[in-house]
Amino acid sequence: MRIPTTLLLFIGALILSGAGNVRPDASDHRYKEGDSVPLYANKVGPFHNPSETYRYFDLPFCIPEGVKDKKEALGEVLNGDRLVSAPYKLNFRDEKDSETYCKKKLSREEVDKDGKPDPSKFKYFLYKHIQFEILYNEDRVIEINARMDPHSLVDVTEDKEVDAEFMYTIHWFSIINSCVTVLLLTGFLATILMRVLKNDFMKYAQDEEAADDQEETGWKYIHGDVFRFPKYKSVFAASLGSGTQLFTLTIFIFMLSLVGVFYPYNRGALFTALVVIYALTSGIAGYTASSFYCQLEGKNWVRNLLLTGGLFCGPLFLTFCFLNTVAIAYSATAALPFGTIVVIVLIWTLVTSPLLVLGGIAGKNSKAEFQAPVRTTKYPREIPQLPWYRSAIPQMAMAGFLPFSAIYIELYYIFASVWGHRIYTIYSILFIVFIILLIVTAFITVALTYFQLAAEDHEWWWRSFLCGGSTGLFIYAYCLYYYYARSDMSGFMQTSFFFGYMACICYGFFLMLGTVGFRASLFFVRHIYRSIKCE
């Protein structure tokens, strides 16, 4: 197999068996001086293309005798990890200086210069000296780092020095500034909305005392239409069910992260948790969708349940099929083995689908009625002609900008962790940002719903959902910026993986935040119409 020289610039992560973060329960291994410590080598790939990875010994390294594959958990396989025994001898507290473990002559067939052989424009180097830094506490290994010696290189073109500038960032200040700014804007918006509502209540109370036959105006005028059920009620209910499930999934993931389950060396734990929790929460999606669909007087609840099950999983499955085919064509470790695919299908068949059906049956049998504080008229009122900026797309743009501004700084660190080689550990800060995102989404959607009703436009159901979920579109737009301006990712495989899976993630955010926006608007609309007297 011919390996591009750019792959040689990035040695795969070397992972210590059983080691964890600085936690007393991270490892049960206790060593005496001189004991052999098991060491494994992981996948390798171009540094800027984290999805394009290969097995460690696909590179022209020295292959020792008796190479053993480490058995991976489900989350490790989903992450593309392929651990094998490393060719390095590591003994507890035994230092070695420039130990030679093999000598090998590389042939021309083993090195591909990416079709760019001009030495005046492109330089190629091979690191040949790895330095291990190991931290231990008494008889336990705590952490191990592997890095390249920049002074020990094999020049496969010609020698050239490169200057590098090392920097670090204090992360707290940018987060605090962002949160304070957004919270101030949200508080300002909430204050204005409360004052306007107070004036409306006083005005309508005075009108009732002055003349009972006086013509109604504003949002009170459409009280007979505001709770008229939306179009495409089956899709709407399915969207709420899927969004509620994804919201529940996110909450559970944050709970596990805050108690320390996803510490840096617990490889694959996040992917395993996502698969398992999503399967176990499918009943929530079924119950929410079916119950709300029946409240909207829907008749075909079985079709609604099928739509709920495929609304998010369908696009995700199609995206996975395409990207997994691409990974297979590239012989990358990101391609899931057939056995892992079978396990996921079995989880979906034996856990996800039955729980979805059970939740749907429970929702149908709940026989809950939609709680509307005012009666709905038989015929809808005509919506007056409104300015262009009150249409759906401009409103979505306004609704998504403020919540996105609350999270865009944190997005860089998340992207650098998911699509790079940083390790993200400050889940407490991320949880605070998530709470702020929910608060801002709810407030901005409620404000836009009020202005829509004040303009005598009673079709607010879908509008509130679209406005709440529009932050997902902003996140996907940020993906374009990150790919072209903040990363050096390249190649068809990496590009398709990045935009394909990020499309699924942003779609999930759209459903989740759309649900938050609608629920907040529904609570608000019920409250204001319950507070006035309507004939």
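Note that the numbers count up from 1, one per residue, in the order the chain is shown.
Cβ atoms here come from the backbone N, Cα and C positions, even for glycine.
The signal peptide feature in TrEMBL is assigned to 1-19.
What TrEMBL lists as transmembrane segment is 170-193 (among others).
Taken from TrEMBL, the feature transmembrane segment applies to 235-263 (among others).
Look at TrEMBL and you will find 269-293 (among others) tagged as transmembrane segment.
TrEMBL lists 305-330 (among others) with the feature transmembrane segment.
Among residues of the same chain six or more beyond the transmembrane segment (336-358), those with a C-beta under 8 A of the stretch's C-beta atoms are 74, 77-78, 275-276, 278-280, 282-283, 285-286, 305, 308-309, 313, 324. Annotated transmembrane segment per TrEMBL: 336-358 (among others), in sequence order.
Annotation source TrEMBL lists transmembrane segment at 396-415 (among others).
Annotated transmembrane segment per TrEMBL: 427-453 (among others), in sequence order.
Among the features that TrEMBL reports, transmembrane segment is placed at 465-485 (among others). Taking Cβ pairs closer than 8 Å, the transmembrane segment (465-485) reaches residues 236, 239-240, 243, 392, 395-397, 399-401, 403-404, 407-408, 411-412, 415, 419, 437, 441-442, 444-445, 448-449, 495, 498-499, 502-503, 505-518, 520-521 in its own chain, all 6 or more past its ends.
If you look up TrEMBL, you'll see 497-525 (among others) marked as transmembrane segment. When Cβ-Cβ distances below 8 Å are used as the criterion, the transmembrane segment (497-525) is approached by residues 51-52, 226-227, 239-240, 242-244, 246-247, 250, 311-312, 315-316, 319, 322-323, 326-327, 334, 399, 403, 419, 437-438, 441-443, 445-446, 449-450, 453, 460-461, 464-473, 475-476, 479, 483, 489 of the same chain, each at least six residues removed from its ends.
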Intrachain residues whose Cβ lies under 8 Å of the transmembrane segment (305-330), provided they are six or more past its termini: 51-52, 234-235, 237-239, 241-242, 245-246, 282, 285-286, 289-290, 336, 341, 348, 352-353, 356-357, 360, 492-493, 496-497, 500-501, 503-504, 507-508, 511
